[in-house]
Structures are given as C-alpha cells and as structure tokens.
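Below is one structure, written out as structure tokens; the observations come after it.
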Amino acid sequence: MAPSASLQRFLPPSPHAAPSSSSSRRRTGRARAAVSIPSSSPPATGEVPAERLEPRVEEREGGYWVLKEKYRTGLNPQEKVKLEKEPMGLFMEDGIKDLAKIPMEEIDAAKLTKDDVDVRLKWLGLFHRRKHQYGRFMMRLKLPNGVTTSEQTRYLASVIEAYGADGCADVTTRQNWQIRGVTLPDVPAILDGLRAVGLTSLQSGMDNVRNPVGNPLAGVDPHEIVDTRPYTNLLSSYITNNSQGNPTITNLPRKWNVCVIGSHDLYEHPHINDLAYMPAVKDGKFGFNLLVGGFISPKRWAEALPLDAWVAGDVIIPVCKAILEAYRDLGFRGNRQKTRMMWLIDELGMEVFRSEVEKRMPNGVLERAAPEDLIDKTWERRDYLGVHPQKQEGLSYVGLHVPVGRLQAADMFELARLADEYGTGELRLTVEQNIVLPNVSNERLDALLAEPLLQQRFSPQPSLLLRGLVACTGNQFCGQAIIETKARALQVTREVEKRVSVPRPVRMHWTGCPNSCGQVQVADIGFMGCLTKDSDGKIVEAADIFVGGRVGSDSHLADVYKKSVPCKDLVPIVADLLVERFGAVPREREEDEEGAVDHQVPATIDIPCSCSCFL
C-alpha cells in the first residue's frame, strides 16, 4: 500500500523503491477511565533532572538508531547483541540471503552468526526453536486488524505443508498468524512469497512494535463505533515503512503493543497495550483519547493509564511516532524485566512523560483529552462465535472456534475454500485465537454450517468452557515455556466439563511461562506454568492459578489464587473453583434436575502432547 500524504512525512527515507502493491448506541454522561489506576504504578514525585531527559540514542548512517557511547554500561545481553551488529541489516541490506546459505554447524561456530539466528532474525519475524526444533523457525507475520485473505491463507498453508509433521500454524493473541517448521535456507524465497501476496513478517519480534490490533468485526458490525481497519493499516504501514523497514523505531528498549478500539466490547484489550486509541469526540470532531503503558511481564503487570491526550482521527500517526520516540530515546536498557514503557512512565511521572511526547509532536502541541469517550460502560460484551447479522442487509458473519488456535495445512486450505465459496475471500483472526468468516449470504448459511470442517473441527457453537479457552505455544515448541499448554489445556477442560456444568462462558487462559504470551492476567481463570514437587517429592510440571481478570469497560487484571499446583491435580481444583466462583453445578446434581442441559464436548483435537499428566 502506498503511503498517504499524511503518512509520508513520518516515514524514513528508504534506500529501496517501495513495491507496488457509526454506531447505533452512544452513551451519555461524563466518561470515566476505561481502566483503573493500579496501586503498583504510583506517579513519580519531584523534579526530573534535565540530564535524565537527554536522548540516549543517536542516528547513524543508514537511518539506524544506536545507543550513545556514554550510556553503554550495565546493558542487558540483548542490547549488547544490537550494538555488535544492526539487526535490520539482515533485511534492509539483504544479509538474510548470505546467512541462509551457511550450514547451521558453521553458523553455531561463530558468535556473530549464532546471535544472528537466535536473536537478530527476530527483527524479521523469525524465531529459532533451538531447544525443541533445532534448525527450524517459527515465523510471525504482520496482520493489521487480523484481516487475512484466502490467497494469503493458501500461501501460508503451502509453506507449512512442505514441512510435513514439523509444519503447523497458530492464531495468536494479537490476532495474527504464526507458522512453524521453517528452515533457514527457505527463508529468502518465503519472504518473496509473502511479499507477492501482500504479507510481511518484518519487525514482528524482539524490540519492535507488535501487530496493530483492531475490532475483528470492523466494517460488518451493526453496533461498531468506528471501522478500525483504516487506522490499523495506517499504523502498520508506518511501523514497517510499507514493509521496507523503518529503522527509526526498531531499536526500542523492549516490545511495544498498540491497538485501536472500534466497539463497546473492547475486543482489542486496551488495558494491556502500550498505546490504545479510545474513540472520542472533541469540539464536534471525531478522534481518540489515549491510554498508555499497559503490559504483562514476568515480574509485573499493569493496566494502561490515561495520557490526558486526544488526537483527531485523521492524524493518528504523529502521536504514535512521538510516543515511540520518547520511549526509544529515554527508556531504560538494563534489567530486561524493567524496560517496558510503563517503567519509564513510573520514573518520569505521567505529566513529564506527556511533555516529552508533546516535544516530539510535529508542532510541539498535544491536545488534552476529550471529556468523554464513546465507550458505553454498561455494554455487555458480545460473543462473536456463531452466526450473527451484519450491518449489510442479507449478510452474516460466522465466528468459528479454533481449539487453542492450532491449525494444520489442510485446515487452512479448507478455510480458504470456505472464504471463497461462502464469503468474499476474507477471514478475520481474533485475540482469543479464533476465526471469523464475514460476508456470508444468509441463503448460504445452512450449507456453510453443514460443511465437515465446521462439524468436526472448528465449531461455531463450542461448549461454554471451550469457547473461552486460550493457550500459548507451550514447551512443545517454545524454549522458554516450562510446561506443555495446548494439549493440556484441552484435556483439563474436557475433564472439568465431565464434572461440572457452567451457566455461562468462563474464559480460561494458559501460558507456559511467566512471560504470559497466553495473557493469563486478563482471564477469568489463568494458568501460568512452573515446576514444583508433588506429594512424592518428584519435580513435576505445575501451574500458578490466577483468578479475577476482566475484559471490557470494567477491565481488571487477575490476582494469584493458588501457587504451584501440580498439573495432574488441576482438574478437581478447577471444578471446585467453577462451583465456588462461577455458578457451576456438579454433574451429579445437574442430572437430578429436570430440564438440565448437558453441553457436549467436541471430539478430540489433534494436537500432539508432550506431557504425561493424563497418560
């Protein structure tokens, strides 16, 4: 997509030529913040020394930004890797083509090339699975707003199909595609293939801006406030310089998340994003109030806070750029667990941080927030799974449940066929790892619902517990994960459903380690992987249980309920928790009640399990 005139001013000069390529409900009354201010984030007090506000980075030849010499003490290992060699050079200077020709044994023999495959390739969206799939990579795409096409889906399916049992795909918690099994010699050709279908994997890992999230129902939702797709597309174009590489924002202190809110449902989870655009009208003009600093990490999780700033809807890029540059320039680069943007906000205080953002705005001015946003705080969050009417007469969207987000090549080929045959060749990914098929003619709904894929694999009407189930990669592939997650999450849920019946969906999230890619802190019940000793004194896989996360306008992050529970002991504990906190009824009692409904658990999903807890 060629940059618009308003966007072009904020893109760096590129050494390469760019390739061709309303709401029915409004709330009244004074708005309150969409998230609460956590007690763990007190504002900084006192004066901030002028020297602390000196930028710690400087621009070098090629548009790359690096740390100044005097700030290069006490750095974390990742910062040292960035100083040794510019990661973006692997893409912008075609370094990947030479690297892909080197055998892995030779790569591992030299620190520089070993760091290339283990760290720097993450700037190209490539993650080496050294621990569990040596020589193979996970590739993460950029998919603004989770919108993908049948052509793109087929291409990704063709890539993983070539890797046989080693190849598969996941829908991520940032409504994105990840594909697995990739080998290094194939990467240059895969990057060319991505470009040909309008995709990129650039800047999707490490210290970069992650996939811009928006309303998965954008443009088809009868109750949407605003169509988020133009905004997330614009953000993605800026972030990657139209897939050519944007080195002005690739040396951040840590990863950075952004979302644009399009509906009262807050499907985009603004409270855990570094920057969230909240729809708001000011002086009769549509725009966005801004929340900043939300994040989840091993040592701390914090909800986003109001920046007390508003931007017009037609100029969202300047403030994104200014916030990123303030973070890039001033962020701490020592202890890796204290480098997310909220730590900088804590240190400076919100008003000083805001003034640093304002300094970096094109005209040096950042408007104060609108007194109201457009989010209806009384809105009950809707379930998008199943069949729902679109704003376009005669059309519906169909939400499909993808168990813990895992797909095989055959699944993706079939989804692409369904999108073409029943819709308009488009699919939407969601942060709950599910897929929405939009633009289905009402006359074709019965035929679609009768398709084998929907009957056997991706049900529009899963059970009440399965429909809210989310799981990260787990130790099947991820070297950081402590426990297996995907197969275990499905098995525990099925076992729990044999014991109790719940009256409503309960969102259960699993994450294999404290990095919380599975976002356990936003779940009703969350499971974070750890190790513990069982009753026999044996070291076993376990989980810390979190309870109380909420999403929507009353968002709140969960607290730890019970620590270090062996995974083999989880089923009865979860069943009891559902009865005590979520109104579940034991199955024995339910069977005695006249007219009780038994929510069936679907057939087994083919996800290899590396654990032994249920064998």
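Each Cβ is built from the backbone N, Cα and C atoms, and glycine gets one as well.
As written in TrEMBL, here are the features:
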- 1-55: region 'Disordered' (REGION)
- 31-44: compositional bias 'Low complexity' (COMPBIAS)
- 130-197: domain 'Nitrite/Sulfite reductase ferredoxin-like' (DOMAIN)
- 206-362: domain 'Nitrite/sulphite reductase 4Fe-4S' (DOMAIN)
- 388-452: domain 'Nitrite/Sulfite reductase ferredoxin-like' (DOMAIN)
- 466-576: domain 'Nitrite/sulphite reductase 4Fe-4S' (DOMAIN)
- Note on the structure: DSSP puts the residues of the domain 'Nitrite/Sulfite reductase ferredoxin-like' (130-197) at 31 helix, 20 strand, 17 coil
- Query: Among the recorded stretches 130-197, 206-362, 466-576, which has the greatest number of Cβ pairs closer than 8 Å to the domain 'Nitrite/Sulfite reductase ferredoxin-like' (388-452)?
  - Reply: 130-197
- Averaged over the whole of the domain 'Nitrite/Sulfite reductase ferredoxin-like' (130-197), what is the pLDDT? 96
- Item | the domain 'Nitrite/sulphite reductase 4Fe-4S' (466-576), counted residue by residue under DSSP: helix, strand, coil | 30 helix, 38 strand, 43 coil
- Could you tell me how many residues in the domain 'Nitrite/Sulfite reductase ferredoxin-like' (388-452) are helical, how many are strand and how many are coil under DSSP? 26 helix, 21 strand, 18 coil
